[in-house]
Amino acid sequence: MQFFRRKSAAVASESTSSSKPNASHDPSPAPIVAEQKITFMAVLLGIVASIGGFIGQISGFFAMEDYGRRFGVWDEVKHEWAFSPARNGAIVGLLCAGCLVGSLVAGRIADTMGRRIAISVSSLFTMIGTIIEISSETSWAQYAIGRLVTGFGIGSLSVLVPMYQSESSPAIIRGVLISTYQLFITLGIWVAEMVNFGTHEMEGSASWRIPSGLMFLWALILGGGILFLPESPRYAYRIGNEEEARRTIAKLAGLNTDAPSVNLQINEIREKLDEERAGAETKWWEIFTGPRMLYRTLLGVVLQSGQQLTGVNFFFYYGTTIFKSTGLSDSYVTQIILGSVNVFCTFGGLWVAKNCGRRNALMIGAAWMMMCFLVYSFVGHFVLDSTNPANTPGAGAVLVTFSCLFIVAFATTWGPLVWAVVAELYPARYRAPAMAVATASNWFWNFMMSFFTRFITDSIGYLYGLVFAGCCGALVLIVFFFVMESKDRTLEEIDTMYLLRVNPISSAKWRPDNAAKDTATSSGRDSAQDSDRADHIEKGVVV
């Protein structure tokens, strides 16, 4: 740590004495945010990149007649086409397995090809997987393999899109733009549910091939559209294109290329890059051994895992099955209700990302979801008549109501904000591999839930919700003690906060000028300690 503090002091000294353009008049971060504008190009960048969230949604296929006839088995007892828990879990879970692999390799692809090209290539994998799916005739294994290939592309996009958005977006709307990725995930779920509702009564394969085939369209739009957008300015600078980086920062913020905030951001990027290049070549394992990186890497893994362990996909993967058991006449309608609540409230999540602190929103959201799952679990287990749900219509209404209340909490907090917080956690040199590991943990738990949920619910039923309630309670404490407040801060400023070990509980009050004081104090303390050691050595004292 002493090495970092001395190095920071040296960098600060060099920055003060440098002759960079307008360096002596660089504004503080608050005026930077005030100077930046919300531009059409920045919004377009966020929207086009977020189309990646549209891809890969599946819910409701298992209840379709043609889908069951082709890929399921006949149940002689219920006289309908059915899927065993293993086959059900494999079809849903192989998508997540592909996502896990894709997210792990995404960092290397991004650093090799650049952010834009990597997004386009990942979209291509999604299109290939979709073709394999819709060309399946009667082999459920072929369809599952298609999901695996599709998942590879989706998993890669889940790392690349927030990374590209975080590195490109002006600080004034960075949280909102990264959160649009979650918005498009919810829109994708909602569109999938609407399409399923419109096609589920069709005779023939159109009932499921149309919803599956739409993924090809979204991937085509994303893969082609991203090529018309600028490269991430931070990636452009790292490969030597400083003028391109300057032009992109200025264009996205609606400023001139020589504006004070543009100069400051270029200087911050330069200083961080100089610090990185002063050391040895970066290795992937340094996301665990680099300065303050073990803390941040584990925090990112916990937050991304936590997004899944809130239990949200318990509703969306198996929603039609869950609500059919409550006695509702058309479970597709219930899913549309949930999806509509999800979409509507995610727009509220964009407002939260822009106007509220990350910490408070995440803590309130987790506590809210915990309460919903407690009610859901106890009512479902002790009140609902699982044999004939029509005998307890009130209990069924409570389950749907608290499912909607849960979605409200998730869509306004843990849905959009986790992507923003994790994308802001890491310095440029470690961002790609660290985000890959964090996002891989999200897909790991996504896979675990999608595969094992049927087995668990068949065993313990609605009490499964108590597991998620406990996870939500733990997430409240994790955010309170470990997550920094990063709203309206530059990525370089956030990095400094973690390196200086700012107290997360009071991090909202931290200001950049405190860094200079902390560095000066630490350097003075280190110098005094060095002087004391020298005096002891001269006197022949061993310390």
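Note: Cβ is positioned from N, Cα and C throughout, glycine not excepted.
For 1-28, 512-543, the entry in TrEMBL reads region 'Disordered'. Residues or ranges marked as transmembrane segment by TrEMBL: 38-64, 90-110, 117-134, 140-164, 171-192, 212-229, 298-320, 332-353, 360-384, 396-422, 434-456, 462-483. The domain 'Major facilitator superfamily (MFS) profile' feature in TrEMBL is assigned to 45-487. Residues or ranges marked as compositional bias 'Basic and acidic residues' in TrEMBL: 527-543.
Across the domain 'Major facilitator superfamily (MFS) profile' (45-487), mean pLDDT in this model comes to 85.
Where the transmembrane segment (396-422) meets the stretches 38-64, 117-134, 212-229, 332-353, the count of C-beta pairs under 8 angstroms peaks at 332-353. The stretch in 90-110, 117-134, 332-353 that contributes the largest number of Cβ pairs under 8 Å to the transmembrane segment (434-456) is 90-110. Against the transmembrane segment (117-134), stretch 140-164 shows more Cβ pairs under 8 Å than any other of 90-110, 140-164, 171-192, 332-353.
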